[in-house]
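Visitor: Attaching a single structure in structure tokens format; questions to follow.
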Amino acid sequence: MGEFIIYGIMALVVVIFFLVERANPEAIARFEENVLAVLLALITIVSFSQVIARYGFNSGWGGALEFTRILFAWMILFGMSYGARAGLHLGVDAVIRLFPARLFRVAALFGAFCVFAYAITLLWASWLNLFGADTKGGAIFYWNRMFQIGIGLDDLRYPEWMQETFGLQDRIQRWIAYLILPVGLALLAFRGLQAMIQIWTGERDLIIAGHEAEDLVAENRNVLKD
């Protein structure tokens, strides 16, 4: 049951991103940036308020550390696909830019394919059995296990009124906090596949930002002259 749920969620998220991006690319870009900004702001606010509460009032929220740790994981896992789409992941392209145009494109396609294969492997490692590898599991398996077990987080708890009104357990389930793990990897796989298509059609050169130093110099050339 859990596997069908997570497959459905991943498919729904990827399809929504794909359709909205085709209709309005800027909308997806703004959405991703806003989500990352909100996550970072929450981490900063909670951490700052904890310092004030601890040293100023000798109190604090017991679940703050776990909450910020989960938010940080969400920011990283959601930001992976954003970085792939925007070409923000750092890489070294000094060697492959010396290649002939056709060989350069092959290398760029291979790099994008590695991103796609990496995400798929972390999502569902059992596909490696086709090549004789003795492995199984992955993010989908792990999330499904947490969903089936239903255990809660260490410190994050539902408010008492929610427990009484909806009959919820005391602690927030781990599968809720870990939902971003398969979803984030599914988005990364989608961006890797998208980058392969864009490189093949000539819409972009690479999936990485390997020449950001040259871009910075070009952008600030007039500033340096002044």
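Glycine too: its Cβ is placed from the backbone N, Cα and C atoms.
Residues or ranges marked as domain 'Tripartite ATP-independent periplasmic transporters DctQ component' in TrEMBL: 43-201. Positions annotated as transmembrane segment by TrEMBL: 6-23, 35-57, 69-91, 103-127, 172-190.
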Visitor: For the transmembrane segment (103-127), I need the partner stretch with the highest count of C-beta pairs below 8 angstroms, choosing only from 6-23, 35-57, 69-91, 172-190.
Guide: 172-190
Visitor: What residues elsewhere in the chain lie close to the transmembrane segment (6-23), defined as a C-beta under 8 angstroms and at least 6 residues from its ends?
Guide: 140, 143-144, 147, 179, 182-183, 186-187, 190
